[in-house]
Amino acid sequence: MNIIRVPVLSTNYIWCLYNYKNECIIIDPGEATKVLDILKKFQFRLRAILLTHNHIDHVNGVAPLIQYFPKTIVYGPTETKNNGSHFLVSEGDDFVLLQKKFKVLNLPGHTPGHIGFYSAPWLFCGDTVFSAGCGKICIGFAQYMYESFLKIRYLPRNTLIFSGHEYTLSNVNFAISILPQDQSIINYRNKIIKLYKKKQPTVPTTLNLELKVNPFFRCGNSNIKKSLNLPCDLKEEWQVFSELRKKKDSF
Ligand SMILES: [Zn+2]
């Protein structure tokens, strides 16, 4: 199985997985035009669309793609029932596409019903984890988002994380404002700046790297608490996580 990154809108990535038979799966089509160009160029046959959540920049391409490929099956969480999903899936569900098994993970936080698709070693996590950062959290869902991060943290370290946006430079700048002495983050920022200068993508990332450079995976770190002026004995790690995301909102 191979993958093509399709950059659309200003920061979105649509992911196109394909096999040697030129069958493909599209993940989070926020628009259709560029996807259709790729399908035509490589003569791919669209078998399925996977949706992680119901935001317009992740689902807007579903209807036009279905018009061109009416046999396509759409999998998504319940919140995508009005966005063309044929199969509403949640944690515990799995299915086989292109001879690969996909497991559904519930990853609430960015939206209440957000899900991810895991097909080792690949994780399609929509707007949950970004490289060096975390998706925006809907009101009242900080603890859920923290628990979604915990779930991802215990996947194998070699997991490749395919996020829905390219936000890495802003995220790593924020990370360094929180942990200015952290050598892993400093090194990562230097690498990201070089990639941005060459207009190269920074996604996918790996879980192994994120555990080092993503402050949202490191909320037990006492320097993060200090940086946020939180009491050292604050026990609930999800509250640190929540404060960290609030700080990023105004960064
Ligand atoms: Zn979103």
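Glycine too: its Cβ is placed from the backbone N, Cα and C atoms.
The Zn(2+) 1 site recorded in Swiss-Prot comprises His53, His55, Asp127 together with one of His86, His110, namely His110. Sparsest Cβ environment among the binding-site residues Asp57, Asp127 (other Cβ atoms counted within 10 Å): Asp57. Ligand 1 lies under 6 Å from the Cβ of His55, Asp127, out of the binding-site residues His55, Asp127, His165. Candidates His53, His55, His110 (binding-site residues) were compared with His165 (Zn(2+) 2 binding site); none lies inside 10 Å Cα-Cα. For His110 (Zn(2+) 1 binding site), the same-chain residues 6+ apart in sequence whose C-beta sits under 8 angstroms from its C-beta are His53, Gly126, Asp127, Thr128, Gly135, Lys136, Ile137, Cys138, Phe141, Met145. Counting Cβ atoms from all protein chains shown, His165 (Zn(2+) 2 binding site) has 23 others lying within 10 Å of its own Cβ. Packing around His58 (Zn(2+) 2 binding site) is summarised by its Cβ count: 26 other Cβ atoms lie within 10 angstroms of its Cβ, all protein chains included.
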